[in-house]
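See structure below.
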């Protein structure tokens, strides 16, 4: 009888252990996603605060200072206000398109964060086509803007949506050609492999030095994709009131601003990953683990250092993007399209041909 009870206890313990493993597996699946969403949310709030402080400094005025220490909670207060404001719907508009448009813009950008290697072994999904996934998903966001403009039943909103689609098409092609050049140099479309390919020679192994023209074209194209000044024609206040945002209010209006800053952040992250070595410390011939005299088995410490390096490089480009917005005037629509089709496209195509030729001769 004692043996029988012991066997029963072992079976019960085994089943409890299996259930704990299942629960742990579920937690392990959702924990990185929740951490990523929390980090993205905090980053967006930080970017909004940085933009207000930088713009205040450029315009020689005082920025937000009362809501929290140094005004850091001002963006949170504005978001809370928009959350409780009424969502107005145009009486003759298409309600379904009007409601779905902002969500498509935000969700399509959030998915792109899954292929960003923030640090050593810290990437949500290491896909073999990581950079192309970002390009494919980023081309979906203008569809949401076009749906919003059409569903608003407003001529200014519709023109803003058309401008967003035209601008996206004009600058998506040069950006894709620049990414192809980077992929040829790294022999991979995976973001993790692209970062590893730049880590062999430290600072001088960055793709910035191997692709200077591609970097300039990519930087301009990414700013145009984010619809930031001097490329914010889809929402030009003097011409289109607020573009595709004209009829929106409440949380739906706030989603467009969230999408704008999410897009700016992901573009800066891809500049860091593709051209500035990602999470590498960038000291020639010295890796992070060797520099701190630790082994890669101490993954948490290495990952934290990698995340810090990645974000430091990313916020440098965020600062440049914000400073550009508050110092340069807006282009006309013809100037914007001419820049994309007549200048950036030939330069990026020539850069791709040169990269392909150099790779063929090096075989």
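The backbone N, Cα and C atoms fix where each Cβ goes, glycine too.
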Worksheet item: Of 83-103, 104-124, 167-187, which span is tagged transmembrane segment by Swiss-Prot?
Response: 104-124
Worksheet item: Looking at the ranges 26-46, 47-67, which is given as transmembrane segment in Swiss-Prot?
Response: 26-46
Discussion item. Between 253-273, 274-294, I'd like to know which one Swiss-Prot lists as transmembrane segment.
Written reply: 253-273
Worksheet entry | Annotated range (Swiss-Prot: transmembrane segment) out of 216-236, 300-320 | 300-320
Discussion item. For the transmembrane segment (129-149), give me same-chain residues lying six or more residues beyond its boundaries with a C-beta closer than 8 angstroms to one of its C-beta atoms, as numbers and ranges.
Written reply: 97-98, 100-105, 108-109, 111-112, 115, 157-162, 164-165, 167-168, 172, 175-176, 179, 182-183, 189-192, 194, 225, 234, 243-245, 248, 259, 263, 266, 270, 274
